[in-house]
Ligand code: OAD
């Protein structure tokens with residue numbers, strides 16, 4: 001692993017056009033559970049029953065009680081970890097240009113990254129189903145479930161649920177920057193949810209080097225990634241940044 005960290009540092013230090021794609025694994029060290037694998041949310045509850053737009057529309061109170069309330073609690077407590085901090089440092093060093101994240105927790109922005117594409121939307125706001133007004137999640141009162149907007153409409157997270165489209169502007173911009181980058185870091189994603197899973201494939205086909213950071217192999221590992229650094233994102237990124245700083 002030591003050699004691969006040095007190799008990644010060299011690949012990053014000599015590139016000025018780096019993009020990172022992140023997934024739930026990047027926030028695990030901040031106390032936010034992933035969706036799949038050990039301790040994953042979808043091990044306990046069925047995503048089609050609790051994270052599909054049709055289920056939400058059928059029974060918003062059930063989805064608020066089982067999933068959204070818990071997410072609010074966990075995300076409100078979370079702070080950026082060494083993975084977010086390392087990625088923010090890579091931007092400061094002029095190496096990392098953009099973050100494409102599947103996460104909705106806002107931790108990349110909190111750590112200091114300035115160009116963050118929230119591919120699956122954000123949990124920072126709840127949106128009224130009736131008047132479309134957005135309300136900061138931290139200001140939403142949970143005395144009544146489902147919570148309502150002042151117009152009486154039901155509030156839903158401003159995130160993409162299963163069965164919904166990715167906002168076209170995010171899809172377009174992610175495609176563009178992934179086709180233009182020289183190196184793509186793919187950190188903490190199982191890379192099984194389409195269309196985010198296709199982003200590293202696009203980057204690779206356009207000539208980018210793909211470096212994965214993940215304790216487990218993914219469907220990208222053998223075919224798309226140039227190499228994988230098998231470890232926790234926080235620890236690995238901290239070491240990579242230290243090595244990069246020695247090279248600059
Ligand atoms: P997953 O939960 O599918 O995958 C998490 C990945 O993080 C796995 O590959 C783990 O091996 C890895 N991992 C775990 N701990 C880690 C650590 N400390 N450091 C680095 N990696 C670690 O999460 P995503 O790939 O983000 O979508 O899932 C994609 C989408 O599926 C989510 O955005 C969400 C979900 O359903 C929607 O809700 C629309």
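Cβ coordinates are placed from backbone N, Cα and C, and glycine is handled just like the others.
Curation plays no part in TrEMBL annotations; they are all automatic predictions.
Since the structure is predicted, the reported quantities are computational estimates derived from the model, not experimental observations.
The annotation active site, proton acceptor is assigned in TrEMBL to 120. Summarising the annotation, TrEMBL assigns Zn(2+) binding site to 128, 131, 149, 151. Per TrEMBL, the feature domain 'Deacetylase sirtuin-type' maps to 1-248.
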Worksheet, complete the sentence: Around the Cβ of residue 149 (Zn(2+) binding site), other Cβ atoms within 10 Å, all chains included, total 19
Worksheet item: What Cα-Cα separation, expressed in whole Å, is found between residue 149 (Zn(2+) binding site) and residue 120 (active site, proton acceptor)?
Response: 22
Discussion item. Near ligand 1, meaning Cβ under 6 Å from any of its atoms: which of the recorded positions 120, 128, 149, 151 fit that description?
Written reply: 120
Discussion item. By a 10 A CB contact count over all chains shown, which of the binding-site residues listed here is most packed: 128, 131, 151?
Written reply: 128
Practice prompt. Have a look around residue 120 (active site, proton acceptor) and count the other CB atoms within 10 A of its CB, chains all included.
Written response: 19
Practice prompt. Could you tell me which three-state DSSP class the residue listed as 'active site, proton acceptor' falls into?
Written response: coil
Worksheet entry | Inter-residue C-alpha distance, residue 151 (Zn(2+) binding site) and the residue listed as 'active site, proton acceptor' (nearest angstrom) | 26
Discussion item. Whole-number answer please: how many Å between the C-alpha atoms of the residue listed as 'active site, proton acceptor' and residue 128 (Zn(2+) binding site)?
Written reply: 18
